[in-house]
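Below is one structure; the comments refer to it alone.
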Amino acid sequence: MATATIALQVNGQQGGGSEPAAAAAVVAAGDKWKPPQGTDSIKMENGQSTAAKLGLPPLTPEQQEALQKAKKYAMEQSIKSVLVKQTIAHQQQQLTNLQMAAVTMGFGDPLSPLQSMAAQRQRALAIMCRVYVGSIYYELGEDTIRQAFAPFGPIKSIDMSWDSVTMKHKGFAFVEYEVPEAAQLALEQMNSVMLGGRNIKVGRPSNIGQAQPIIDQLAEEARAFNRIYVASVHQDLSDDDIKSVFEAFGKIKSCTLARDPTTGKHKGYGFIEYEKAQSSQDAVSSMNLFDLGGQYLRVGKAVTPPMPLLTPATPGGLPPAAAVAAAAATAKITAQEAVAGAAVLGTLGTPGLVSPALTLAQPLGTLPQAVMAAQAPGVITGVTPARPPIPVTIPSVGVVNPILASPPTLGLLEPKKEKEEEELFPESERPEMLSEQEHMSISGSSARHMVMQKLLRKQESTVMVLRNMVDPKDIDDDLEGEVTEECGKFGAVNRVIIYQEKQGEEEDAEIIVKIFVEFSIASETHKAIQALNGRWFAGRKVVAEVYDQERFDNSDLSA
């Protein structure tokens, strides 16, 4: 079946204008396009023509769904573009205000020196966020490096040099973090660590020399604050949980986890400031590599002072929700203006799919296909579409101020939740809820114990793993559909993953097949396990078990 496309031309050049505006224009124009009247035929890309008198055929459900996704993607790109522009404008305004204040205080003409100093500090911060990793085993890939260095903080990028002849990397890489403290911890704790049978070398980039005076100045300024950096924080822990654990070492002035402005969830790291320097030293020496909820905390001294001027802030001091709403309105107006301009300057081809800018980029809000765990070699042969959307954000540059957006409130859900709790538990037998525990005043070892108990109350898994069901030679294109159809008898199947796991590095090593089935709710998972466990399939006795939800969500299929 031939695919219809929309071609947007501006001033005779295809794809003119900014990508978000053009994308929004194409989508909006596709809704308003009507077939021309009095035309004998419309020439398609494949050379065929269709009678205009008969009109265009209605869009299929798949095409309508694709169009809706394109609209959503175009709007998200427009909002993102507007937010970036607003952030840049706000930072420029802050710099201008600082310059004007310097003039008022009698510092002479500070424009050029101040701009130069700000640029030097930004370059120094960028260098401080990067570490060099050498002596990497040639069979190790970017995923393995990311997994090894991720506990120290969010990674912005990994740059590996590849040999175009051998198609293998050259044995070194550069890892860039969001904050300098993450890079400093990685430098201290990863040098000479065994990775892939080799002791890797971790150090600073070679161009750090020119920025060393600025780095020393930042470190000196940081000593005035008794701040520590905490990374690898469990996702289920809150600011108060971390504060209750760390206040055993002294009185805390502030404890804030950096949050994603889109989801409201913390990014796994934050900063704690004590009133006394000794408290911060004790916390670093005692809590580094402390096992909290199955994750080893990474704790170190902050190497930069708090710098709100270098932190991307919402325009005009607006709350994040208000800034996004303002950006959405701006993006909508931009899209309308783009449509109006396209109606005058551009010509439209046959309606159908969207421009290449929308088809080549992955739409926001889609879950990437699961990948195999780095420590367990294997091959994934089938993945069905996943259900929940994952928001995508642009990582900020420089030192991130952890005081960001707070999580969205769930006030509308509370009455329903309380009603369900009353039905499930009589008042005399009702367990103590987490919301009540969060307001308890605890510290020290008691705090650590309470936090661990909180983490033990995990969400039930919705994932079932089928073992000993098929041999690798029995895998074909129909297997995934057959499993989906069979498991659909027990509930809504979100996706099926067929995973082949090699039991060693040898070429003739045994390969076992695991089939992962994700349901919508945990009760459906248990229902399927009861029906399928011990059942015979093609002469093999199937083993059906619950699979750890956190492992599955992290694409770890090796258990």
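A Cβ is built for glycine as well, from the same backbone N, Cα and C atoms used for every other residue.
As annotated by Swiss-Prot, compositional bias 'Basic and acidic residues' applies to 427-437.
Marked as SUMO2 cross-link by Swiss-Prot: K43 (among others).
For K80 (among others), the entry in Swiss-Prot reads SUMO2 cross-link.
The annotation SUMO2 cross-link is assigned in Swiss-Prot to K419 (among others) on the grounds of a large-scale study or a structure entry.
Here Swiss-Prot flags K458 (among others) as SUMO2 cross-link, drawing on a large-scale study or a structure entry.
Residues or ranges marked as domain 'RRM 1' in Swiss-Prot (evidence: sequence analysis): 129-207.
Residue counts for the domain 'RRM 2' (226-304) under DSSP (helix as H, G, I; strand as E, B; rest coil) come to 22 helix, 30 strand, 27 coil. Under the heading domain 'RRM 2', Swiss-Prot lists 226-304, citing sequence analysis as support.
Sequence-distant contacts of T60 (phosphothreonine), defined as residues of its own chain at least six apart whose C-beta falls under 8 angstroms from its C-beta, are absent. Positions annotated as phosphothreonine by Swiss-Prot, on the basis of a large-scale study or a structure entry: T60 (among others).
Long-range Cβ neighbours of K251 (N6-acetyllysine) (same chain, at least 6 residues apart, Cβ-Cβ under 8 Å): Y274, E275, K276, S279. Residues annotated as N6-acetyllysine in Swiss-Prot, with a large-scale study or a structure entry given as evidence: K251 (among others).
Residues or ranges marked as phosphothreonine by Swiss-Prot: T314 (among others).
Feature annotation from Swiss-Prot assigns N6-acetyllysine to K454 (among others).
Secondary structure from DSSP puts K80 (SUMO2 cross-link) in a helix. DSSP classifies T60 (phosphothreonine) as coil under the three-state reduction. Around K80 (SUMO2 cross-link), a 10 Å sphere centred on its CB holds 18 further CB atoms from the protein chains shown.
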